[in-house]
Amino acid sequence: MDQIRQLAQWIKEANTIAVLTGAGMSTESGIPDFRSENGLYAQEDNVEYYLSEYYYKKDPVDFWRRFKRMFSLKMMGGFAPNDGHRFLRWLEEMGKTVTILTQNIDGLHTKAGSTNVIELHGTLQTATCPSCGNKYDLSFINRHEVPRCEKCQTIVKPDVVLFGGLVPRMEEAFAAAAASDLLLAMGTSLEVAPVNQIPFYVAAESPATRKVLINKTATRMDGMFDLVIYGGIGKTVASVRKQIQAE
C-alpha cells in the first residue's frame, strides 16, 4: 500500500485526530517560516534574543520596533487559509473529532473554520497590558508605533510566547495528543521544545496511536513516526482527500 492510501485508510479508521502544525503549514499562504533559507532566521540577526521575554522587559520600545519589522507581513493581515488548513476543517465535516495543536501565531486555522485550535505559541491578533490586563486587537497595535495601554500607559505585550517564556497550554496539548487515535504532524521541523516532545509523549502514553509526519524535509525525529511523507502539504492533502473520496 502506498503512503497516500495508507494515510487515507488511517484517517478513515480514526475517530479522534490530533494535528500538530508548524510554520510549514502556512508557507503556502505566503507566510515565511523560521528556519528555511528564506525564513526569519536567515533575514534577521539574533532573533531569539530580540524576541525574548528578557528583551521585552529590557527595552520594550526597541522590542516593538523589531517585533513589528520581523512580523510585518503577518501584522498587515490579509493572508488566507490554504488547502492544508481547509483539509483539517474538512476532516471535522467528515465527523472526525479534530484538535489542532499549532505552533503558528497567524490565526489561519481558526480563519479556515477549525473549531478546536490550541495556539501553543499564542497569537499575533492581540496584545495585553501586563499591568492592568486590558486587551487590544491588531488594528490598535498597528495604529501605534509603540502600543501603550489606554488606561495606564504601560507598553503592552504581544500575546505570543516569547523566547524564554512558558508555553501555557502544553498539558492540554499533551492530553489531547495522547487521547487521539491518530497524530498528524504537518509542516514542522520538530526543533522547538517543549512542543517537539509531543510524539515522545504519545509513544509512551498511547502506543496504539498512529503517528504520521508530513514535511518537505527530513527531521531529527522521523524515526518516531509510523509513516513519514516528504512533500508539500497542499499537494499531499489533495491526494489524500481524493483517495478518501474515491473509496
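Cβ from N, Cα, C; glycine included.
Here the structure is a predicted model, which means the values were calculated and not measured.
Residues annotated as domain 'Deacetylase sirtuin-type' in Swiss-Prot, with sequence analysis given as evidence: 1-247.
Summarising the annotation, Swiss-Prot assigns NAD(+) binding site to A23, T27, F34, R35, Q103, I105, D106, H121, T188, S189, N215, I233 and lists sequence analysis as the type of evidence.
Taken residue by residue with DSSP, I105 (nicotinamide binding site) is part of neither helix nor strand, so it is coil. Swiss-Prot lists F34, I105, D106 with the feature nicotinamide binding site, giving sequence analysis as the kind of evidence.
Among the features that Swiss-Prot reports, active site, proton acceptor is placed at H121. DSSP assigns H121 (active site, proton acceptor) to coil, not to a helix or a strand. Proximity of H121 (active site, proton acceptor) to non-local residues of its own chain (separation of 6 or more, Cβ distance below 8 Å) is seen for T102, Q103, N104, I105, V160, V161, V167, given in sequence order.
The secondary structure of C149 (Zn(2+) binding site), as reduced to three states from DSSP, is coil rather than helix or strand. Its Cβ taken as reference, C149 (Zn(2+) binding site) is surrounded by 20 other Cβ atoms within 10 Å in the chains shown. Taken from Swiss-Prot, the feature Zn(2+) binding site applies to C129, C132, C149, C152.
Within the same chain, the residues at least 6 positions away from T188 (NAD(+) binding site) whose Cβ sits under 8 Å from its Cβ are L20, T21, G22, A23, G24, M25, Q103, V195, N196, N215, T219, listed in sequence order. Listed in chain order, the extra residues whose Cβ falls within 8 Å of the Cβ center of the Zn(2+) site residues C129, C132, C149, C152 are P130, S131, G133, N134, E150, K151, Q153, T154, V156. In this structure, T188 (NAD(+) binding site) belongs to neither helix nor strand by DSSP; it is coil.
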